[in-house]
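Swiss-Prot has this to say about the protein:
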TRANSMEM  33-53  transmembrane segment
TRANSMEM  77-98  transmembrane segment
BINDING   83, 182  heme b b562 binding site
BINDING   97, 196  heme b b566 binding site
TRANSMEM  113-133  transmembrane segment
TRANSMEM  178-198  transmembrane segment
BINDING   201  ubiquinone binding site
TRANSMEM  226-246  transmembrane segment
TRANSMEM  288-308  transmembrane segment
TRANSMEM  320-340  transmembrane segment
TRANSMEM  347-367  transmembrane segment
């Protein structure tokens, strides 16, 4: 008799994706973050669902409903802070996951990589709209500033912004539609993640060496299931420490003040995970130029396969490229820091230099370094 997990139509799919999947024998802990992202998504959908049961998407009651969740709902504060800090964990895992892809040349799986970039955009859009929902000062002004950037688009800009707002300013209509989109997008993300996985399983996983591992595969279960569980426990530990000891560490104090269209906060800034892009946006003194740089800073990932000039796929045996990669990481940390600082000297010039360096490393220095490494190896 055939095993039910190999014969049943549904179980067969799960079996081929998570149990009998042939996986490289040498993938390191950097490969854990895909499963961690899946766990983050499930956590966000579940906590979000319970929050939506008590939240009201109306400008007059939104702020009060969030306060009500924290004060009156059983363990509402835990659910709320799990959701808020869960988003931060989501982005930490996302950035590491993308960084792993860049370091080990995983972008050579074109379909998987492109779906991944689309996923990144979708998650960023979802997080932005979620930040607007508590209707605090930073929610309101963040929404106003970021949506207003679309007005930089020639000819249709102003109409587009008013269409998104549903009026002449961020108001009740904006909040309601943002809530609707924030609710539906995670399910679209889940569908895209399934497609992401589908394309990955067409080629099989990459590994740290960047060399085909077809001759040396091991079953996903039990080896990588247990490894993923360990990673998940570590992530949950960090998340629970954040939630239970300093839930507001990554938030903005301004968001504890109800939204007031007549009072602008001194420093409008998004959540920490958008600060690098915000710094790039601010470093260009022209509105349209800034918006284009902002979009380009993420969209540049799509160009990675075309910018790959090395004869080796992975950076594992390429010390010069490794140095550049870590300079890029340091540059992104610098941009994140600058994005949270006021627009004044010396932060302006640091931000501009860091922004130039970001594009310079990816578009110029990395491809040239790869060619130099090829020549050093006489390839």
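Glycine too: its Cβ is placed from the backbone N, Cα and C atoms.
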Those residues of the chain, 6+ apart, with a Cβ under 8 Å from that of residue 196 (heme b b566 binding site): 112, 115, 116, 119
Counting CB pairs under 8 Å, which listed stretch among 33-53, 178-198, 288-308, 320-340, 347-367 touches the transmembrane segment (226-246) the most? 33-53
Proximal residue to residue 201 (ubiquinone binding site) among binding-site residues 83, 97, 182 (C-alpha distance): 97
Same chain only, please: residues at least 6 beyond the ends of the transmembrane segment (33-53) with a C-beta under 8 Å from a C-beta of the stretch. Say none if there are none. 69, 79-80, 82-83, 86-87, 89-90, 93-94, 96-97, 100, 182-183, 186-187, 189-190, 193, 228, 231-232, 235
What whole-number Å value do you get for the CA-CA distance of residue 97 (heme b b566 binding site) and residue 182 (heme b b562 binding site)? 23
Distant-in-sequence Cβ neighbours of residue 83 (heme b b562 binding site), under 8 Å, six or more positions away: 44, 47, 48, 51
Chain-internal residues, separated by at least six, CB under 8 A from residue 182 (heme b b562 binding site): 48, 126, 129, 130, 133
Candidate with sparsest Cβ neighbourhood (10 Å radius) among 97, 201, the listed binding-site residues: 201
By a three-class reduction of DSSP, residue 196 (heme b b566 binding site) is assigned helix
The transmembrane segment (347-367) and the transmembrane segment (113-133) contact flag, 3+ Cβ pairs under 8 angstroms: no
With a Cβ cut-off under 8 Å, give me the same-chain residues at least six positions beyond the ends of the transmembrane segment (288-308) that come close to it. 98, 102, 105, 107-108, 110, 113-114, 117, 120-121, 124, 149-150, 152-154, 276-278, 280-282, 355, 358-359, 362-363, 366-367, 370
For the transmembrane segment (113-133), could you work out the same-chain residues 6 or more beyond its ends whose Cβ comes under 8 Å from its Cβ atoms? 55, 57, 62, 66, 87, 90-91, 94, 98, 101, 106-107, 139-140, 142-143, 146, 170, 174-175, 178-179, 181-182, 185-186, 188-189, 192-193, 195-196, 199, 270-271, 273-274, 298-299, 301-302, 304-305
Long-range CB partners for the transmembrane segment (320-340) (under 8 A, at least six residues beyond its ends), listed in sequence order, are 99, 102-103, 269-270, 272, 274-280, 282, 310, 347, 350-351, 354-355, 357-358, 361-362, 365-366, 369-370, 372-373
Need the DSSP three-state call for residue 83 (heme b b562 binding site) to compare against my parser. helix
